[in-house]
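Just below is one structure, and these are the notes that go with it.
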Amino acid sequence: MKLSWKTLLLWSLPIFVVGFFFWQGFLGPTTTDVGSNIASSRMTYGRFLEYLDMGWVKRVDLYENNHTAIVEAVGPELGNRVQRIRVELPASAPELITKLRKANVDLDAHPPKSTSAVWGLLGNLLFPLILVGGLAFLFRRSNNASGGPGQAMSFGKSKALFQMEAKTGVVFNDVAGVEEAKEEFQEVVTFLKQPESFTAVGAKIPKGVLLVGPPGTGKTLLAKAIAGEAGVPFFSISGSEFVEMFVGVGASRVRDLFKKAKDNAPCIVFIDEIDAVGRQRGTGVGGGNDEREQTLNQLLTEMDGFEGNTGVIVIAATNRADILDSALLRPGRFDRQVSVDVPDFRGRLAILEVHAKNKKMESKVSLETIARRTPGFSGADLANLLNEAAILTARRRKSAMTMSEIDTSIDRVVAGLEGTPLIDSKSKRLIAYHEVGHAIIGSLLEHHDPVQKVTLIPRGQARGLTWFTPSDDQSLISRSQILARIVGALGGRAAEEIIFGDAEVTTGASNDLQQVTSMARQMVTRFGMSKIGPLSLESQGSDPFLGRGMGGGSEYSDEVATNIDKQVREIVSECYKEAKKIVKDNRVVMDRLVDLLIEKETIEGNEFRHIVKEYTAIPEKNYYISQF
């Protein structure tokens with residue numbers, strides 16, 4: 001284990017203190033050299049004077065500023081041998097020197113050694129200095145640590161990252177797929193650069209702009225681009241950084257942030273994930289959070305307290321606009337809400353072109369094909385897709401990406417890591433029939449999405465996969481399309497039952513059944529696509545953590561609930577009958593496709609449709625995916 005010098009210092013401090021006391025008590029220097037002359041016996045000062053009067057004292061050495069004497073004496077009581085005796089002298093004995101001189105006693109005075117005084121001074125000062133220094137070090141360390149005692153006076157300061165000249169490295173040309181949002185923010189940039197063009201006609205720029213959209217759609221990237229284009233001071237902070245463990249810190253940080261913003265106007269204040277502090281007040285199972293609500297109230301006050309054209313523009317981002325407080329969204333605070341949604345085909349193509357600039361690709365790679373293959377992908381998903389393809393290209397020791405790496409990367413991003421191929425067995429043949437059942441129904445139904453490929457290569461939790469790619473970006477879905485999807489999802493289970501019998505039906509269709517039940521129930525309760533009629537029977541706002549639907553009962557009667565269940569079962573039952581009929585009518589082509597799938601493990605959509613056409617007619621669809 002490697003220890004830092006700070007850790008070693010902290011551990012050595014108590015050891016040093018113990019060693020210092022041991023040295024002082026046992027090995028430390030004395031103030032004089034009397035220790036080398038200490039006699040084996042002692043006597044009182046009065047007895048010493050008697051020896052002096054009797055003439056037994058021959059020599060006296062004075063130590064410790066005449067406080068101690070070492071006496072050499074000879075007498076009958078001492079066995080007529082020279083004895084060295086220690087005598088403690090009184091503080092005031094002026095007659096002693098006179099008596100010693102009259103008795104012709106050798107007298108010598110020994111002054112204290114200068115080195116002993118130095119050691120004594122150091123001994124007295126060293127420990128306090130070490131103690132004070134150690135405490136100062138610990139205090140400074142805790143002062144610099146996050147959340148330490150020294151931070152108490154700085155809790156109310158804003159933690160916003162400040163850049164006098166926003167060096168985000170991002171401009172509008174680096175942001176693709178959100179053209180509508182870029183047009184909205186172009187006005188903001190123009191105001192920051194040329195405010196007089198707005199004020200001249202009495203216009204007021206919005207004080208706040210709220211970016212709303214799913215994760216990964218580029219909200220934060222768009223804010224960076226605005227700062228990079230405008231070239232003004234840029235403050236950025238996360239909503240969770242306002243609130244701390246101490247009461248009042250959040251409101252204080254809001255005040256400090258807007259004070260700095262006004263001092264540096266014109267500028268941009270970007271608050272990411274504002275739902276952390278802007279959530280609706282007074283809601284939830286346990287009531288409101290007082291500290292968070294104080295912070296929100298201060299934020300509302302600061303935003304509404306701006307003067308008309310101070311040049312401070314607040315931009316916030318969230319993917320939970322439905323939980324924000326209504327007072328935060330009113331005009332005068334966040335005047336505009338800019339939706340940054342998942343890009344359509346053109347948006348995906350533009351995003352891919354941006355991220356492909358620094359990627360080496362073969363000339364045969366079609367970004368248009370990739371864009372059509374990836375409906376529902378966000379900008380972050382597309383960036384990750386090309387990065388995964390680049391990593392796979394390097395792993396395969398290729399110099400440039402091909403469609404093979406991109407196809408594999410799409411499968412990995414959507415379905416997970418590739419597993420070990422299945423061995424030839426009854427289980428593999430059953431899975432093959434299951435997947436071919438999905439694919440052949442999807443190919444023969446007019447309103448179903450076209451098959452992109454069928455594979456037996458496991459990915460994630462799936463032992464086999466059938467890929468369907470929508471013909472376009474579908475924002476509206478018809479009843480026929482939903483029913484076709486239900487029939488297609490039931491195709492795998494129908495194939496298992498028809499080919500292997502009811503007793504051999506497996507659990508492989510569990511996820512399919514979940515999707516089927518969900519789609520059928522939404523047809524009845526949400527979309528009004530059943531015999532019940534055009535009614536919305538879905539519970540509205542049933543989120544107890546936002547104070548919605550607390551203790552609320554059902555909005556319809558038990559009879560209606562029973563009818564809903566009946567309609568759901570009827571829809572699924574009719575679709576299942578149609579799925580089994582298609583499987584029975586196309587058993588021959590299914591057997592051929594299963595044998596081919598077991599042999600190749602993957603059949604591309606074009607090849608699949610070509611084989612099916614040899615046996616039956618296929619409805620015309622928009623097939624745009626080229627074969628990889």
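A Cβ is built for glycine as well, from the same backbone N, Cα and C atoms used for every other residue.
Swiss-Prot lists H434, H438 as Zn(2+)-binding residues, and of the candidates D381, D407, D502, D512 the one it assigns to that same site is D512. Long-range Cβ neighbours of G218 (ATP binding site) (same chain, at least 6 residues apart, Cβ-Cβ under 8 Å): V175, G177, V178, V340, S378, G379, A380. Cα spacing between G213 (ATP binding site) and D512 (Zn(2+) binding site): 29 Å, rounded to the nearest whole number. Residues near K219 (ATP binding site) in space but far in sequence (CB under 8 A, at least 6 apart, same chain), listed by position: L211, V212, G213, D272, A317, N319, V340. Taking the Cα of T217 (ATP binding site) as the reference point, the closest of the recorded positions H434, E435, H438, D512 is D512. On its own chain, T220 (ATP binding site) has D272, A317 as residues at least 6 apart in sequence with a Cβ closer than 8 Å to its own Cβ. P214 (ATP binding site) sits 26 Å from D512 (Zn(2+) binding site), taking the C-alpha atoms as the reference points. Less than 8 angstroms from the CB of D512 (Zn(2+) binding site) sit A489, L490, G492, R493, each of them six or more residues away in the same chain. Taking the centroid of the Cβ atoms of G213, P214, P215, G216, T217, G218, K219, T220 as the ATP site, the other same-chain residues with Cβ within 8 Å of it are L211, A317, N319, V340, S378, G379, A380.
By neighbour count, meaning other C-beta atoms within 10 Å, the densest spot among the binding-site residues G213, P214, P215 is G213.
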